[in-house]
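Participant: Have a look at the structure that comes next, please.
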Amino acid sequence: MCGIVGAVAERNITAVLVEGLKRLEYRGYDSAGVALLNEAGELDRRRRVGKVSELEAALKAEPLPGRVGIAHTRWATHGAPSERNAHPHFSGHQLAVVHNGIIENHDALRDQLKSLGYSFSSDTDTEVIVHLLDHTLKSEPDLTAALKVAVKQLHGAYGLAVISAKQPDRIVAARSGSPLVIGLGLGENFLASDQLALRQVTDRFMYLEEGDIAQICRDEVQIWDIDGKAVKREQVQYHEGAEAADKGEYRHFMLKEIHEQPSVVQRTLEGRLADDHVLVQAFGPQAADIFAKVKNIQIVACGTSYHAGMVARYWLEELAGIPCQIEVASEFRYRKVVVQPDTLFVSISQSGETADTLAALRNAKDLTPEQGGYLASLAICNVGISSLVRESDLTLLTLAGPEIGVASTKAFTTQLVALMLLTLAMGRVRGTLDPQLEAELVAELRRLPTRLGEALAMDAVVEKVSEHFSEKHHTLFLGRGAQYPVAMEGALKLKEISYIHAEAYPAGELKHGPLALVDADMPVVTVAPNNELLEKLKSNLQEVRARGGELIVFADEKAGMSNGEGTHVVNMPHIHDALAPILYTIPLQLLSYYVAVLKGTDVDQPRNLAKSVTVE
Ligand code: HGA
């Protein structure tokens, strides 16, 4: 994924920019570049394909000192990964830009700018920004004022930063759909797409909000909101180590990671949504072409990622109308598979190094067209520099950040978000998704972090419910439709960290066998959103109650379910049915966490398990 770093200082800032890029390196990228105003006040740049170390070597061979500069790691969406497409992009020798995101109307802008005499030296959408700004500067010579005018013509998503040889005292920046944060120093200030990049130089930050424009000088930072009004953004101070390596105020990494979900889901959505649709190029430069040809999808994954894939199968068939199969990687890799024509191979893995998933991808790629090879491969992964990402044609990174707890939590919900983005992108490209529903779901995705926060606020209620489990040895989890895999994930979490035997069933299967197990010692956990399967689910629950089974039901506040003898109902905030699997995951994570705490197990490092399963 792209990263942006910028600095305005009185000292040479080349090393700060390069170090910032390195800190964003774990997300993966294909090229990197830096542009500075050199000692003579001229704009100069170095760009390289490959790792930041390539850029670093280039800067060593040919130093580029300066006090004002911007830098970028690129993950191509428009135009191949090459030096000429790497950022920063220039307009003449005056103006340089770095950009994260996608400018959707770049074709129209490019034609317009060409007719005004601009020539383009890259294939990126980004280059239109810098020429557009240059053109705007002809009637509005102040750089900041010109940026305010120019961004009004950009459609899509951007976090961008600009420097100019004519106004060498500042970086100007704009945010719409892609995050930007200002780092505050003493007599120097910084900019980045993630505060991680700047932790070496400051611990004080100011986050830009949607539509903000910022002017960052050495001694002063000014911000204007979407309406052009001068605003102040709150200053946030981070303490050293407040990131992944520290549990902060939490007792366990798992609880910390559960509570990080609103912010990491937000991050996974950033830069990937336009007003009412998903930006298809977020999956890579060839995504639109490949997606248009896809007739089937094969998902392969293990463990929690497999459950995310199972939810996606419901979504892809129901919302995008595309046939979808899913299989665990350890089975898939040793099986002779029959591939339907034009099938997209989708692998899901937190680490991108899961041995079975990687082997399955490699096997899939080895199939020749005569053997019915796959059309292309897509990785949904949390680590940008992983093997799975490197070896797949397309990638959508989940931006969950490092996950330390062995039992996966935030990696799962961000995978679900990524898979919903895939569903919406597929539906759009294939024309199978009603545009009104698409817009509704995009709006719901935007509200999702808030909903997740509301679900997390039920922490104490779930903790109380967990007391019903600590003495039990077996549990059943039930769900219907896309909530069935959520029940599976709930059962897996309980097994992993509390060592209580738990099994998940589609609620309709209960009477076909597992009902025989139900008695007063077998609590039954159910997720019950308010959808068309609710009445059927209620009947299944009656079947449990009639056998003396104790019920714990997480139900939509509008589902009309209430506490009764042996029935404990936890009301959940209302949410669009399609996104309910993401929301209902939260109380099940909290439940297993509190049961494990009551049982006194090693929550973050449960026995016999490891984080990234790189062996077979
Ligand atoms: N569209 C730009 C920037 C890509 C990006 O933000 N990737 O994460 C490009 O292709 O260069």
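Note that Cβ sites are derived from N, Cα and C of the backbone, with glycine treated the same way.
Annotated active site, nucleophile per TrEMBL: CYS2, in sequence order. Residues annotated as active site, for Fru-6P isomerization activity in TrEMBL: LYS611. Annotation source TrEMBL lists domain 'Glutamine amidotransferase type-2' at 2-219. TrEMBL lists 287-432, 465-606 with the feature domain 'SIS'.
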Participant: Suppose we draw a 10 Å sphere around the Cβ of the residue listed as 'active site, nucleophile'. How many other Cβ atoms does it contain, all chains included?
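Facilitator: There are 25 such Cβ atoms around the residue listed as 'active site, nucleophile'.
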Participant: Which three-state DSSP class does the residue listed as 'active site, nucleophile' fall into?
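Facilitator: Coil, per DSSP.
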Participant: Summarise the domain 'SIS' (465-606) as counts of helix, strand and coil residues per DSSP.
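Facilitator: The counts are 65 helix, 30 strand, 47 coil.
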